[in-house]
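Below is one structure, written out as structure tokens; comments come after it.
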Amino acid sequence: MSSLATTAAGTLRMRIPYRELPPPTTIIPATATTLPGAVAALKSFLTTPPPASHLPDRTVILTGAGLSVASGLADYRGVNGTYRVNKSYKPIFHHEFLTSHETRQRYWARSYIGWRGLGRAGPNPGHYAIRDLGDLLAQRYGYSYSSGGRADENNNSKGITGVITQNVDSFHKMSHPDIRTVELHGSLASVVCTSCQNQFPRDEYQTTLARLNPIWADFLREALASGALETEDIEERNKRGIKMNPDGDVDLAEAPYTTFRYPACPSCLKEPPRLADGTKTWVEIDKDGAWIPSSTAGVLKPAVIMFGESISAEVKREAEKAVDNAGRMLILGTSLATYSAWRLAQRAKLRGMPIAIVSIGGVRREEMFFEDLDPKMAGPHGVRVEMATEKLLPALVEELKSSNNGAMVAEVPIGTAFTNGLQNGRPSLIE
């Protein structure tokens, strides 16, 4: 099934991606089955000029949920992915969220429990390796991100033109703020009003949910006390009765969702907006401030692209620009099941850009990306590897540092654990 529809207006709309797992992959080059072999292939890929003269010697990176698995987050099609271990899982569609109070109760109840785990998670060594790759590749041009360099007026960096991510965890922006990140599907760090479009911090929203739902708050405290939300081991978390799905969703069997309450948009509550035709809307709340179904506005949703929701034209243009300003594409931790991501890889291929894919499990129509690859150029002009990004990328960084005469570009050692806080603009170490 296609994962995206094009409306009459030409905007892109997310649909649920196909659940079928792609066929097994073919490793390219054949020597890339070991860590040294994979590192050598990617080093050659990143340091060999693109084959066509019109392609700049710069890299764009496209990432998916597999990159954040090492942070303790679930993915869709990985070894322990939701579509593998939970065959009945079905995400909520945008139109369901907009039209059904009961659907919103279910969403926010599950998200309320899951947010603590997502909020406590942070970037892993794979994310920080991207930061260091940016510096190492930039050094070839006498440029450095860590010394304060930024992208130029055309959003071009000297080495990496940008990171395009399908992930909604904001880990890229935390780990490499000097490399432009396009969040293709938004971010869970905020909630947005479906009426007035104002955004609010998710942490503040979480506090309000706790106040409106004291029984659920007690349940969350019990889950935390049991350690079920503290462990990053997904299998162990499932054993303790907490089944985590992607994007901060928690599967709670037989939970009384109908008792869950959520707040109204404070802006709409203060001044209800009018519809495009001038019709006046209204927002009603109960004595505690919870949204009441008789309201016609003021519904808050996560600031992410749900299935069935349109990706904004601005985000689409930013992603395409990052591809068009690059000469090669590095794809990390994604099966490209959603068309919004696959079409960007297709765009790179049609431009003649070499493509490297690092992802465990098959990738949607991956044969298309390598079918015309000269076997002699496997590595420089094409790579396909099945390895964990949190192990492979730091090893690649170390190899590139060695070949750059030992230049030390990482201010924090590879593999260090981090919180998701920042100190002086840099990640803070866990003592």
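Yeah, the Cβs are placed from backbone N, Cα and C, and that goes for glycine too.
Annotations in TrEMBL come from automatic prediction, not curation.
Per TrEMBL, the features are:
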type     : residues               : note
DOMAIN   : 32-403                 : domain 'Deacetylase sirtuin-type'
ACT_SITE : H185                   : active site, proton acceptor
BINDING  : C193, C196, C265, C268 : Zn(2+) binding site
DSSP-derived structure type at C193 (Zn(2+) binding site), helix or strand or else coil: strand
Which of H185, C265, C268, the listed recorded positions, has fewest other Cβ atoms within 10 Å: H185
DSSP three-state assignment (helix, strand or coil) for H185 (active site, proton acceptor): coil
Neighbours of C193, C196, C265, C268 excl. site residues, C-beta within 8 Å of centre, Zn(2+): T194, S195, Q197, N198, A264, P266, S267, L269, P273, V283, A297, G298, V299, L300
